Amino acid sequence: MTQERLWQVLDPSWGDLGALSALLCSSAAAVVLLKWLGRRQVQQKMDEARRSRHLALERMEKAAHRLKQESPGTQTSHILSLTMVELAEKLKEGSLSPESVLYSYMDKALEVNQEVNCVTDFIHGCEDQLQKLKKQKEKGLLYGVPISIKDHINCKGHVSSAGMVKFLGQVKEEDSVIVQVLKHQGGIPFVKTNIPQTMINYDCSNPIFGQTLNPLNPQKSPGGSSGGEGALIAGGGSILGIGSDVAGSIRLPSSFCGLCGLKPTSNRISKQGVVSPLIGMQSVTGMLGPMARDVDSLALCMKALLCQEMFQLDPTVPPIPFDEQVYTSSRPLRVGYYEGDGYFQPSPSMKRALQHTRKLLQDAGHTLVPFAPPKIDYVVDELFTRGIFSDGAAHLVDCFKGDIVDPNLKSQYNTYRIPALVKRILAIILKPVYPRIARDLSALCGVGSAKNLWDQHGAVAAYRTEFISRWRELRLDVILCPMLGPAFNHGYAGKLFAATSYTNLYNVLNFPAGVVPVSTVTRADEEELKHYRGHYRDPWDQRLKEAVAGGVGLPVAVQCVALPWQEELCLRFMKEVETLARGTKTNL
């Protein structure tokens with residue numbers, strides 16, 4: 001029987017049952033049938049998830065309308081214009097009601113979602129949370145503040161999809177620890193936001209909910225994997241979001257969308273109750289952290305999270321409360337800096353933003369010291385890539401069984417699924433021409449054995465010791481370094497995973513690192529980009545040039561780094577950069 005006849009038989013109406021019976025006698029036909037049934041089941045699950053989202057957004061719209069009727073005369077535009085610190089103060093003193101604030105942000109989130117497709121679910125429990133707030137005698141630090149939550153962070157009664165069909169239908173029975181603590185502090189989680197499939201990508205697209213756009217320019221990616229958070233906050237539909245970061249997933253969307261974001265030290269914030277396709281991977285540290293419009297918002301969030309409630313709910317989190325004295329200190333800092341990492345040449349706007357920020361800090365009385373991170377090629381290839389894919393990407397490839405690969409992830413996925421032997425042969429062939437790509441292919445083969453995995457963990461520890469030793473020799477307080485940007489054109493993030501070198505270094509080291517927007521891309525930057533060649537002059541350098549093209553007017557950020565467990569110092573440095581940059585931003 002021909003393939004055409006086969007698919008006629010597999011029509012949903014089931015057509016000719018006699019022909020179907022004959023067909024099943026053929027093992028080849030049975031395989032085709034099973035594949036068809038699998039695809040059909042996947043499609044049905046995705047359709048159901050989309051219907052659920054549609055109903056959730058309708059419910060959100062009705063809830064916003066009800067709250068609006070309960071709070072007539074509210075000046076929504078005024079509420080949306082307030083900083084988070086101002087909003088929290090007005091809520092606490094009672095000059096604004098939690099109802100008016102919640103519906104203002106629900107309304108705006110619905111509007112932003114229509115434009116950029118960033119919301120995956122309405123957390124309907126926010127209405128119950130609103131009622132509980134009225135009964136609480138003590139008002140927490142986040143009393144009445146609406147908060148958006150990245151898709152894979154568990155919320156009771158909701159699915160954490162990770163952008164994958166395999167996780168659909170798994171309704172969570174309880175909140176993650178971080179959501180419990182946010183509620184304890186009076187915060188109101190109200191929406192979940194979109195992510196890329198598997199989250200091992202810094203675009204924001206999956207086959208279930210589609211592509212999220214950058215609200216600053218729809219031709220650009222919002223970054224990822226916390227891309228829905230970046231898009232919603234930048235569009236004005238949220239004032240505080242919780243994201244996660246294993247290679248730059250908080251910092252990249254913050255950079256692409258012009259926001260502030262903090263990747264804390266691993267375990268400073270509880271990660272209990274989070275869905276991940278890479279459970280068991282220990283070579284590179286991931287963590288949860290806040291994203292917002294300004295640094296004070298991040299500091300307030302961290303202060304709220306680092307409380308007894310979190311330490312009790314998750315005893316693996318060290319009981320270190322937020323040190324306000326460090327954050328508010330004004331002593332001059334000794335700042336190490338570098339303009340490029342030697343792996344990817346910074347784009348013209350990245351380099352200019354770093355140079356100008358360095359000058360601002362120097363003029364403000366801080367001491368700037370040149371710093372060269374040791375062996376970046378080795379870190380990116382051997383410690384990060386070989387570490388995060390120490391199993392040869394087997395777990396990640398397995399995640400796609402019974403799923404549809406998102407177009408934005410196909411380039412990565414096709415590379416990951418190449419047999420290790422073929423990768424090694426390709427690496428040998430490419431080494432003389434494209435050494436960086438060859439090293440990456442070799443690293444994607446993984447470590448090969450438990451002994452090698454132990455050696456790899458030892459190598460990470462040794463590198464961290466070497467890095468800290470250099471830091472101590474120069475008597476540094478913090479480091480200023482470039483941040484990848486501006487926002488990429490759609491489709492490039494999946495073809496340039498190694499371009500996360502500027503961020504993944506600090507996941508390997510497990511240092512707190514934050515992003516602060518300091519400038520915007522100028523026409524001069526765009527003109528200079530035409531002469532961009534890169535360090536290696538290979539296809540990746542050409543792709544980076546294409547990825548950032550057309551970025552005039554988009555935000556450009558820098559990265560601020562401190563030693564482990566020094567989030568307060570990192571935030572204090574970020575605040576200094578933010579203050580200085582805002583004073584001169586229009587002149588950049």
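Note: Cβ is positioned from N, Cα and C throughout, glycine not excepted.
Heads up, TrEMBL stuff is auto-annotated, nobody curated it.
Per TrEMBL, the features are as follows:
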- 101-571: domain 'Amidase' (DOMAIN)
- Lys150: active site, charge relay system (ACT_SITE)
- Met199, Ser225, Val246, Ala247, Gly248, Ser249: substrate binding site (BINDING)
- Ser225: active site, charge relay system (ACT_SITE)
- Ser249: active site, acyl-ester intermediate (ACT_SITE)
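Structural mapping of features recorded in TrEMBL.
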residue	record	CB count, 10 Å
Lys150	active site, charge relay system	27
Met199	substrate binding site	28
Ser225	substrate binding site	34
Val246	substrate binding site	23
Ala247	substrate binding site	27
Gly248	substrate binding site	31
Ser249	substrate binding site	33
Spatial separation of Lys150 (active site, charge relay system) from Gly248 (substrate binding site) - C-alpha basis, Å: 15
Inter-residue C-alpha distance, Met199 (substrate binding site) and Lys150 (active site, charge relay system) (nearest angstrom): 11
Stretch-averaged pLDDT - the domain 'Amidase' (101-571): 97
Pairwise Cα distance for Val246 (substrate binding site)/Lys150 (active site, charge relay system) [Å, integer]: 14
Rounded inter-Cα distance in Å - Ser249 (substrate binding site), Lys150 (active site, charge relay system): 11
Nearest-integer angstrom distance between the alpha carbons (Cα) of Ala247 (substrate binding site) and Lys150 (active site, charge relay system): 16
CB-centroid shell, 8 A cutoff, substrate site Met199, Ser225, Val246, Ala247, Gly248, Ser249, site residues removed: Ile200, Asn201, Tyr202, Gly224, Ser226, Ser244, Asp245, Ile250, Leu252, Gly286, Thr500
